[in-house]
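Residues or ranges marked as transmembrane segment by Swiss-Prot: 3-23, 37-57, 69-89, 110-132, 147-167, 172-192.
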Amino acid sequence: MSPFSIVLIGFAMSTDAFAAAIGKGAAMRKPQWRDALRAGLIFGCIEAITPVIGWVLGRAASSYLSAYDHWIAFVLLGALGTHMMIAGLRNGPDDANDAEAKTPKRHGLLGLATTGFATSIDAMAVGVSLAFLDVHIGVVAVVVGLCTFSMVTAGVMLGRALGNLIGKRAEILGGLILVIVGSVILYEHLGAAT
């Protein structure tokens, strides 16, 4: 497999994470570069590990994973997105004097890791297919991790810009994006199955 193909795989596998990162960045209150880099590192590490896991599991797990990966991603992203939308609705209308609105909001490690895992389940299935190609899985994992790191970091900062434009309702937008990403994953897999 050519280096160009590996980089294309890396960016293709990071698109779901990028979309989720835009949602996370929009939901955060003024995320700083360190927040974006932290999210990028968490997503990048998870996205790098999952194809290796898939590669190790090999052909035996392929049919099991491909049968359920889209449902797992849909449920995880749907639940996280719904939770974010409900939290955004409970926050009430924007208030310039609201002390909470001035306090930066960070997403916890568990929330970022769960979202990172949900957006990387497909990468595990790709890893299974890579087990049958002439490719060094370590190189692929590093490239995928770096691509995801850069895409998620950029996504969080892009989400910040969107969040500043729409205020506290950004959490609703972020949750909606996660639900849409999960729904698209489900739709793509169900559409491919027919």
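Using the three backbone atoms N, Cα and C, a Cβ is placed for every residue, glycine included.
What you are looking at is a predicted structure, and each value in this text was computed from that prediction instead of being measured.
Below 8 angstroms of C-beta separation, residues 39-40, 43, 47, 51, 73, 77, 81, 84, 115-116, 118-120, 122-123, 126, 135, 139-140, 143-144, 146-148, 151-156, 158-159, 162, 173-178, 180-181, 185 of the same chain, each at least six residues beyond the ends of the transmembrane segment (3-23), sit close to that stretch.
Annotation: stretch 69-89 has the most Cβ pairs under 8 Å to the transmembrane segment (172-192), among 37-57, 69-89, 110-132. When each of 37-57, 110-132, 147-167 is scored by its Cβ pairs under 8 Å to the transmembrane segment (69-89), the top-ranked stretch turns out to be 110-132.
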